[in-house]
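Below: one structure, written as structure tokens.
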Amino acid sequence: AAAQSRPSALQSGESLATLKNESDSLKKKLEEERAKLHDVELNQVAEKVELVSALSIRTRRVLKGHGNKVLCMDWCKDKRRLVSSSQDGKVIVWDGYTLNKEHAVTMPCTWVMACAYAPSGCAVACGGLDNKCSVYPLSLDKNENLAAKKKSVAMHTNYLSGCSFTNSDMQLLTSSGDGTCALWDVESGQLLQSFHGHTADVLSLNLAPSETGNTFVSGGCDKKANVWDMLPCASVSCRLYDLRADREVAVYQKDSIIFGASSVDFSLSGRLLFAGYNDYTINVWDVLKGNRISVLFGHENRVSCVKVSPDGTSFASASWDTSLRIWA
Amino acid sequence: MTSTNSSLSNMRRLVAQLKLEASVERIKVSQAASELQQYCLQNAGKDALLVGVPGGSNPFREPRSCAVL
């Protein structure tokens, strides 16, 4: 009866010391289990696969208009529109085919570090130094002031580093310099779930592609990538982690690469990995064989964000040189 | 008293999380790698950035009208 009325009381035999011992032995067991599975490297399995033949990827479009570093971009599901956000405080929606700027929003803060296109194509979300993530419905009326219909959805206690709609326009997932990720209801602005586990700023998040969409991964300044049910810290290497083997299976790096990679994305089949670097280049890696296939030049400053289009026919890059490029 | 309670509940949470991670089913890298490879090779034909697409069907590669500066 005494134990039930005081929920923080010790269970029998439990103490900080015994719990610490248990956690240490569990950590050791986990390391051993993972090591047992490391029977081969990915590139060894891929030895007999033919090398990727020469790629003919070049810049096909340059999107100019931002006045300062472009920090983030996202594709619309229609595979032609993009949204981008910049240190200049602006968020621009572009038609990637014609280069037309369809919408522009001026945010109340500079350093808009995150932006995302809603699955319906009817709204965009963005935020940064304002510690919030706001949703702007996109109006067909060119004269309408988008800022008037703005809806503040997410509130963090530090900068917003990433945002993504889940499977619908109704829920928004955010990551923040406050060390947390959070899931929000767009309509009411209510916090649905918050994710604590990082011990430093969370810089990036990405949802697993699936109809039910209930897993996402986040990366942070604590050098951890966490996989969850429901500002770029740059690493010189890119690593492939297989969830089923529960370990790293490949590392993509070269001694000649001394600048960090800020952003990565896979081509449609998963064979190519596009990585944007702080030395202004984009490296294309063979995911299976581990070698670098080519280096793409064009940007005149750090590459902050890389994303392959929804049908894989092109990829876009955003840069501190104030432009975006579409490559195909 | 409060700090002991919070370290205790933190430790409990850590142990619970570690038990969860220890119970995850794992496969060998050789199996995971061969499945990754199979997926890449099976989908290679649809990957426009890898193999290109028949002329004219990639909208970003289509020629656009140029303005004379």
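Cβ coordinates come from backbone N, Cα and C, glycine included.
Curation does not apply to TrEMBL; its annotations are automatic.
Taking TrEMBL as the reference, the stretch among A:1-23, A:47-69, A:139-161, A:185-207 described by the feature region 'Disordered' is residues A:1-23. Outside the repeat 'WD' (A:195-230), and at least 6 residues removed from its termini, the chain residues within Cβ reach (under 8 Å) are 158, 161-162, 164, 166-167, 173-183, 241, 243, 263.
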